[in-house]
Every structure is written in structure tokens, then in C-alpha cells.
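Features of the protein shown, as given by TrEMBL:
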DOMAIN    12-72  domain 'MADS-box'
DOMAIN    99-188  domain 'K-box'
REGION    195-215  region 'Disordered'
Amino acid sequence: MIVTSVGRILTMVRGKVQMRRIENTASRQVTFSKRRSGLLKKAYELSVLCDAEVGVIIFSQKGRLYQFSSSSEIQNTIDRYHRSSNDADTYKANMEQYILHLKQETTDMERKIELLEVSLRKLSGQCLGSCSTDEIQMIGDQLDLSLRSIRARKERSLKEENAKLLAKCYANPWQSTAYPRVAAIDSQSSRSEDVETGLSIGLPESLTRHHPAQV
């Protein structure tokens, strides 16, 4: 901005530089020298102010090399760049492989869920029209096996409960006037399909024989 003797203000506006190759050789060389020096200066300032490792490599049109490195040698920065680039490529490849693995696992899980849903519908009596005789027989065998397994677990649970009640009766025979007497599970009935248990009110027979006056 320039102030003239008559008080007029002249504003000098810098024109916008078009980003294209400078055709004039002399102008191109001058611009290259100025901007190269500015770039190297900025690289140096960045390395000092921000404690960053900076490396700049410039080749002129005639093949002349200009470089700057904040480390002792530019090769150290180049080696670090290669290591970082290789690590990034390896990480990317591993992530892609992991994502593919997750997609495959998801597909397999969806297929298993679909098969389980079909099997559940068949076990509940649905969609049996398309089943062959062998498939129906297999479903029946599976239901029978499941039923026997449930009955066996129930029988074990009842036996354990009876044993606990019996132990409690013998441990505290005079705590109250009424005691549950545990009926032993008949070995013959335990092999049948239905599980039968019996509970009666009164003292165990062994306690009755020893203490007849309390009955």
C-alpha cells in the first residue's frame, strides 16, 4: 500500500498464480530457485518447532539433487518411511483377512441357526409332510432319547431330595411332632417310564420303634 503526496492511497493487489507449467525457461528457473529455498526453509522450521523428523528430496528439471533431512542422513528417513509403509501394508492385509474370516463365521452361524430352526419345527410336529419315513423315524428316536434323559434327571433330583429329607429327620428327631417320612423309590418302578415318589407324614419307622411313646 503506497501513500502519494496528494494523500491518495494506491492498493497493489497481487494476482493469483495459475497452477500450470511456466513456459518461459528463465522465469521457470527463477521460480524454482525461490520456491525450493522456501520449501527447504519450511521443512527446517517444521523439524525444529515441532520436533518432527522431516525429509525433503527435490530434483530439478536438469536432474540436480537438493535435499533436506532433520536426521543425520536422509537415508535414515527413507528407511523409516519404508518400514512404516510396510507395516501399514501388513496391517491392512491382516485386517482384510480378519474381516473375511468374520464374514465366513457369520455365514456359517446363520446356516447353523437356520438348520436348528428347521429341526425345532420338525420336533414340534411341523413341516413333517416333506419328511421321508427314515427322517420321521429319526425324529421319533430323538424325541424318545430326550424324554428318557429328562426322566433320568428328574429321578436323580428326587432321589437327592429324599436323601436330604431323610438325613434331616435322623439328625433332628425331636424338633417337632410331625416329620416327613421318605418312601424309598422302588427299583422296579425306577426303570419304568414314569417316575413315582411318595411322601407321608410321620416319624420314620426306626424312630417309632425306639420311641413308641412319642407316636
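Just so it is clear, glycine is given a Cβ too, placed from its N, Cα and C backbone atoms.
These figures come from a predicted structure and were not determined experimentally.
Taking DSSP states H, G and I as helix and E and B as strand, the domain 'MADS-box' (12-72) has 26 helix, 10 strand, 25 coil. Confidence in the domain 'K-box' (99-188), given as mean pLDDT, stands at 77. The helix, strand and coil residue counts that DSSP assigns across the domain 'K-box' (99-188) are 66 helix, 3 strand, 21 coil.
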